[in-house]
Amino acid sequence: MVSHDIPSDIVIFGALGDLAQRKLIPSLYHLENAGLLCKESRIIGVARTDMDTAGFREQCKSSLATFVKAEELDPTNQDIFLDKLVYSQVDFGTTEQYQGLKSTLDEQLERTRIFYFATAASLYGIICKNLTETGCIEESSRVVLEKPIGHDHDSSNQINDEVAKYFEESQIYRIDHYLGKETVQNLIALRFANPIFGAQWNQNQISHVEITVAEKVGIEGRWGYFDKAGQMRDMVQNHLLQLLCLTAMDPPGDLTADMIRDEKVKVLKLMKPITGSMHNDHVVRGRYTKGMIDGKQVPGYMEEEGANPTSNTETFVSLKVEIKSWRWAGVPFYLRTGKRLPEKVSQITIHFKKQAHYIFDESQRHLAHNKLIIRLQPEEGISLQILNKDQGLGQGMRLRAGPLKLNFSETFEKARIPDAYERLLLEVIQGNQYLFVRRDEIEYAWKWCDQLLEHWDKENTPPLPYAAGSWGPKASDLMVMKDGRSWHEDQ
Ligand SMILES: NC(=O)C1=CN([C@@H]2O[C@H](COP(=O)(O)OP(=O)(O)OC[C@H]3O[C@@H](n4cnc5c(N)ncnc54)[C@H](OP(=O)(O)O)[C@@H]3O)[C@@H](O)[C@H]2O)C=CC1
Ligand SMILES: O=C1O[C@H](COP(=O)(O)O)[C@@H](O)[C@H](O)[C@H]1O
């Protein structure tokens, strides 16, 4: 069944919060605008603020005006969408307050109930309990959990245990919004639909892999959240490890959720822990100091509003990850992510091995390897760096590296690239779990990160400084230089 035939009640817990207003409501509008929401579906906003449905519709209308491009805001579809919105005031911790929500849900019985928890993970357990006690959950219901689920393996287990008392794993959709990005999914198509790449995807042909997720923004007034998390928990434990898994996994038997997730789990299990002396050359932890972004002076992390002078939190991590498998023996995965870097860019670069039998001018030997660059954002696309003969007379056989390029927006002109949340919401409505994270993935990811986090806690040393607007501490460059490599420069 396609999504516009599936009537659902999408209940957003935390409907007045930043995530709901900035991402979820606009994404649901885009689904409506694309004809992908069923006529009968409703979006039920739940929060503790005293408000009625008319007020909620006003609030959402104003968020659409802010977060949807004017040319994408169709007045007719916007009205149809706003008519689907209903508000229910509930204090999540108070069972009796769920009665209103229950009555709203019971007005329409023949539909899938989707409970989206866009609120703190510490509330997930109590919301599930109250939904159950008031009879809101049905066998066909689904629950969507936002990240972060816990701050380490044990706390994440606790939250997952709470939710598991009320929902089966097949009903649980754990969000990692990177899995909803167009190019991330294209990685699956690229690897498994093109034999030309599939056959090369191993230690025989690949020398190393680089995953960079760089942000220009700082912590955007989120000191309270970010200082407890740091870049390792905020970005590595989830987004970067997911990208690593999709890049490194073996071909799944088919495209079903569990086949894909089984392969991702295998990668997580095979990641070598970073222990002992490996801490010296496999990991760099940094924190931005003041610097320049887009020609403007920005404060350092410790000068941000609300800063705690004793903080040891990192805003940058780079890692050299080894995977203990035949496919990846001797092929390091270099991961790098940070705030206040010079550009917003997320990309995976596959560095192929150099030509073994080399017949060209020695001075050009450094050019002699192919790179496949998979750009997730901005300007989603794929390019393969190949070597050509430089054009013209009198040059001799000079080589020149140039890209074979596929830019999604230029090649597939008409297609609008949807926001990750649009795709993920659509998949929940359709009941497809393949873009969501299974419980064991989270557990293995946390286990791998915990060993590093515990080491940092024990050491209690401040992260290395880097100026805002630079590519992180010098030690990050040195880490790859020691292996005779450098980070891919054409960011
Ligand atoms: N913001 C973002 O970009 C992202 C957020 N997340 C995660 O999503 C979740 C929500 O984040 P965010 O939207 O930023 O948070 P906000 O603080 O902006 O919003 C929280 C929402 O939860 C509601 N709420 C909180 N406590 C209660 C309660 N006891 N009873 C009823 N309602 C309650 C608030 O209601 P009211 O408004 O009525 O007070 C509000 O609508 C968090 O887990 C966050 O980590 C994940 C990725 C990105
Ligand atoms: O989950 C998070 O992701 C954003 C970056 O997401 P992107 O889609 O803009 O690349 C990050 O800023 C935030 O700190 C983190 O919680």
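Every residue, even glycine, has its Cβ placed from backbone N, Cα and C.
Note: TrEMBL annotation is automatic and uncurated.
Bear in mind that the values here come from a model prediction, so they are computed numbers and not experimental data.
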From E210, E215, E362, the one annotated by TrEMBL with H177, K181, D234, K339, K344 for substrate:
E215
Given that TrEMBL assigns D91, F92, K147 to the NADP(+) site, pick the one from R48, R57, R191 that the record assigns to that site as well.
R48
Rounded Cα-Cα span from H177 (substrate binding site) to H239 (active site, proton acceptor), Å:
8
At the Cα level, what's the spacing in Å between E215 (substrate binding site) and D91 (NADP(+) binding site), rounded?
35
Near ligand 1, which of the binding-site residues R48, D91, F92, H177, K181, K344 are found, taking a Cβ distance under 6 A to any of its atoms?
R48, D91, F92
What is the maximum Cα to Cα distance, in Å and rounded to a whole number, among the residues H177, K181, E215, D234, K339, K344 annotated as binding substrate?
20
Which binding-site residues out of R48, D91, F92, K344 lie by ligand 2, going by a Cβ under 6 Å?
none
Over the residue list R48, D91, F92, K147, recorded for NADP(+), what is the maximum interresidue Cα distance in Å?
21
To the nearest whole angstrom, state the Cα distance for the pair R48 (NADP(+) binding site) and K339 (substrate binding site).
33
Is D234 (substrate binding site) helix, strand or coil when read with DSSP?
helix
